[in-house]
Amino acid sequence: MNVPVEKNSSFSKELQQTLRSRHLLRTELSFSDEMIEWHIKNGYITAENSISINKRRYRCNRCGQTDQRYFSFYHSSGKNKLYCRSCVMMGRVSEEVPLYSWKEENESNWKSIKLTWDGKLSSGQQKAANVLIEAISKKEELLIWAVCGAGKTEMLFPGIESALNQGLRVCIATPRTDVVLELAPRLKAAFQGADISALYGGSDDKGRLSPLMISTTHQLLRYKDAIDVMIIDEVDAFPYSADQTLQFAVQKARKKNSTLVYLSATPPKELKRKALNGQLHSVRIPARHHRKPLPEPRFVWCGNWKKKLNRNKIPPAVKRWIEFHVKEGRPVFLFVPSVSILEKAAACFKGVHCRTASVHAEDKHRKEKVQQFRDGQLDLLITTTILERGVTVPKVQTGVLGAESSIFTESALVQIAGRTGRHKEYADGDVIYFHFGKTKSMLDARKHIKEMNELAAKVECTD
């Protein structure tokens, strides 16, 4: 329903709430043309060209796309009109359609917020929390480089509490919807009574502006100059690491004078280089919250595993390893390089006496299968790299079939190894890279984990 403008009125608070710190198309605004024009004329709203054209070079002002291959034309009202294909899934941006924003500075008006989490941080977590609070006060960039299972979410809590009570808006941005769904209930439990929104495609909160936001990086395309403290979780994860439009979305959604925090167990080389050279403020947490060393991966040669799978056979070394752990009541993750190999492996395991399922990115029942695995209803879960992050299962043992495959980068292998040993009661466990020839990525991943364990022992972060 279009909301009309009242004669002789001041600005519309409803329109202000809709547009403040946002970057929206006309189709996303349920207000009359008269109202919008009045607010533009009186200086409350800016209407910015959606696409900038300079010497026949195009730039999308919503997603920042400048690659000319992403621009095309559609026919409307007898004309060919330019539009951006890069962000079209969020509503079509074209040369004749403006992006609207509210011009006034967004002032916070929420009540003081108290952390309701009653856990205790480890010394390493507390160190990171203190550095984060300092970075927020100084509006700095910060890298929190913490191993898988270090309790990265919990170490953010004191900094989030401090920021919210200064009237600063905080956003945790992550490349994956799965992570938003996992983090949202934890943050709502830790900050009971706070207004928290979870933003992802299809969410009820989509487009909301709240003091604490957990968002996919895609959803940030709808915001502009909104965030005081931007925390990028899994900065090295796909698709954020490979998509410049998502990196642009983060920068556009931040206020000009704001804090930017990178959170990762496996930071990209450029961030790592800057941190080690002192060009980027950083804090390194080399141990898990339970103070036990990271399980170090072992390499196990399994021959021509592809040939065996094509003959509907499981490599004997892999089969023996899985059967041993299943017999002992320990669940097993088996990572494979592709969906086609996953399907072959799943078919082969039908003849093995264990409760088995397989998952990949397009699996409609992925969420249910992962929950069954967590609940102990499955013995073996075969998966692609879609589950390399964010899944915690007690007592789980982790194997990689075809660890020499190019999909298994150093970062991916470190993340996969991080599935094992996350619980205090089950802090050790097996991590096996089954291979048909070692690769540099395999060696680098093992070296990475060994170095973290050595550093943790040196600074007395492990028992």
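Including glycine, each Cβ sits where the backbone N, Cα and C put it.
Quick look at what Swiss-Prot annotates:
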- ALA146, VAL147, CYS148, GLY149, ALA150, GLY151, LYS152, THR153: ATP binding site (BINDING)
- 133-285: domain 'Helicase ATP-binding' (DOMAIN)
- 317-463: domain 'Helicase C-terminal' (DOMAIN)
- 233-236: motif 'DEAD box' (MOTIF)
Exercise for the section: Run through the Cβ atoms and count how many others sit within 10 Å of the one on GLY151 (ATP binding site). Expected result: 21
Handout entry: Listed binding-site residues (ALA146, ALA150), ranked by Cβ neighbours within 10 Å, top entry
Key = ALA150
Practice task
Would you list, in sequence order, the residues of this chain other than ALA146, VAL147, CYS148, GLY149, ALA150, GLY151, LYS152, THR153 that have their CB within 8 A of the centroid of the site's CB atoms, where the site is the one recorded for ATP?
Solution key: MET155, ALA265, ILE285, ARG288, HIS289
Practice task
Could you say whether, by DSSP, LYS152 (ATP binding site) belongs to a helix, a strand or a coil region?
Solution key: helix
Handout entry: Coarse DSSP state, helix versus strand versus coil, of VAL147 (ATP binding site)
Key = coil
Exercise for the section: Mind telling me which of the binding-site residues VAL147, CYS148 has the densest Cβ neighbourhood, counting other Cβ atoms within 10 Å? Expected result: VAL147
Completion exercise
Reduced to three DSSP states, the motif 'DEAD box' (233-236) has 0 helix, 1 strand, 3 coil
Practice task
Only counting partners 6 or more residues apart, tell me which same-chain residues put their Cβ under 8 Å from the Cβ of LYS152 (ATP binding site).
Solution key: ILE144, ALA146, ASP233, LEU263, ALA265
Practice task
For the domain 'Helicase C-terminal' (317-463), provide the mean pLDDT of the predicted model.
Solution key: 94
Practice task
Would you mind splitting the domain 'Helicase C-terminal' (317-463) into helix, strand and coil residue counts from DSSP?
Solution key: 63 helix, 24 strand, 60 coil
